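Annotated active site, proton acceptor per TrEMBL: 65, in sequence order. According to TrEMBL, the Ca(2+) 1 binding site annotation covers 66, 69, 71, 73, 75, 87. Annotation source TrEMBL lists Ca(2+) 2 binding site at 240, 284, 287, 292. According to TrEMBL, the feature disulfide bond maps to 34-114, 67-72, 120-360, 246-271. What TrEMBL records for 1-23 is signal peptide. The site 'Transition state stabilizer' annotation in TrEMBL covers 61.
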C-alpha cells in the first residue's frame, strides 16, 4: 500500500503545482499592489492614439512580435548594446516595429504610481488591448469626467468615458480634433508576467511569419505557438487596421494572380516595381482606422494587400471561416478576443523567473 499511497501523494502535489502555474496569470494580479494600472495605461494609450491613430495597430503588432519569440516577456523591447543583441534589428522587426516610445511613456507613468511593481510585458499586453478598443473614427469625442490624483504628488489619473457625438447633437465639424470611439472588441487581460533578461534575434528571424508565407507556413508558425487554425485566421483580422510598407506587398500586387486587377493597379501607383520600399498603404483600404470585419470582405473580394493574408481565402481550408467573418462581425470579435487571450498566455515568465524592469529598454 505504501508505494501506491506515495504515488498518489506525488501526483497530487504535481497537480497542485501545475494548477498554481496556470493560475499565476490573473486579471486581478495587481489589484492590491497597483489598482490604478488599467486607468494609467488606458489614459496614455488614449493620448497616443489621439495623436496618431495608427499607433493602436503598431502596439498590437509589437505585442504579436513579442509573444511569438520565446513568449510574452517584453524581450522585443530590449535595445541592442555593445554586449547584448536584442530583437529590434531582426529581419521582421528592423525599420518596421513602432511604438517603443509609447511603451516607455506608459512605463514612466506607471512607475510614478507603482514603482518597481508592474512588468513591461504586462504593460504591453494591456496597451495592445486598449489599442484595439481605442480606434479613431470621425464622429465621437472624448469626455474627461474627473481628474484625480492617485496619491499626494503622484501622477494624475483621468477617469473617462467615450460619448457618441450623435447622442449630443454634435456634428463631425464640432469635433475640434478630438476623435475617439470604442472601436474593436475588448477582453480581460490576465496579468502577472515578468520581463525577460535575454532576447533572441535568431528566434525573431525564424518564428515570425513572413508577408510572403503560404497557408501551410502560416499553419506551422501559429501551431508552433500553440495556436489553432481558427486562432490564426481570427488574429490575422488585426490587419483591419494599420499600414504596410511597399517592400512587403510589392510581389503580391505585381506577380500574384489571386488579386483583383483594379485593386493591384491602384496599389501600384504608390508602390513602384523598384524603389519606394518604405511607401505605405493601408492594410484595409475600406476602413483603414476602424477595427471591423472589412478585412475579411477584402479577402473575399481578392483585395488583400499582403500575399500571406490572401492565402486565408484562396481555395483553402480557411475559406469558409473567412466568409463567415466577412458577414458576421460579432463572431469575428468574439474569436479575436479569445485568441488574443490565448496568445497572451504563450510562455509567460512568472514567479521568480525574469524580473520587473525599471526601464523597458534594458535589463536591471
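The backbone N, Cα and C atoms fix where each Cβ goes, glycine too.
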> Restricting the comparison to the recorded positions 65, 271, 284, 360, which residue's C-alpha is spatially nearest the C-alpha of residue 71 (Ca(2+) 1 binding site)?
Replying inline: 65
> When you average the Cβ positions of 240, 284, 287, 292 for the Ca(2+) 2 site, which other residues in that chain have a Cβ within 8 Å of that mean position?
Replying inline: 241, 286, 288, 290, 291, 293, 294, 295
> Can you name the residues of this chain that are 6 or more positions from residue 69 (Ca(2+) 1 binding site) yet have a C-beta less than 8 Å from its C-beta?
Replying inline: 75, 76, 87, 199, 200, 203, 204, 207, 208
> Excluding 66, 69, 71, 73, 75, 87, which residues of the same chain place their Cβ within 8 Å of the centroid of the Cβ atoms of the recorded Ca(2+) 1 site?
Replying inline: 65, 67, 68, 70, 72, 74, 76, 196, 199, 200, 203, 204
> Considering only the recorded positions 66, 120, 360, which residue has the minimal Cα-Cα separation from residue 292 (Ca(2+) 2 binding site)?
Replying inline: 66
> Considering only the recorded positions 34, 65, 72, 246, 287, which residue has the minimal Cα-Cα separation from residue 120 (disulfide bond)?
Replying inline: 72
> If one looks at the chain holding residue 284 (Ca(2+) 2 binding site), which residues at least 6 apart in sequence have a CB under 8 angstroms from its CB?
Replying inline: 239, 240, 241, 294, 295, 298
>> Sequence gap of 6 or more, Cβ distance under 8 Å: name the residues on the same chain that satisfy this around residue 34 (disulfide bond), in order along the sequence.
In response: 110, 113, 114, 117, 118
> In this structure, which of the disulfide-bonded residues 67, 271, 360 has the fewest other Cβ atoms within 10 Å of its Cβ?
Replying inline: 360
> In whole Å, how far is residue 73 (Ca(2+) 1 binding site) from residue 246 (disulfide bond) when you measure between their Cα atoms?
Replying inline: 30
> Roughly how many angstrom lie between the C-alpha atoms of residue 360 (disulfide bond) and residue 73 (Ca(2+) 1 binding site)?
Replying inline: 11
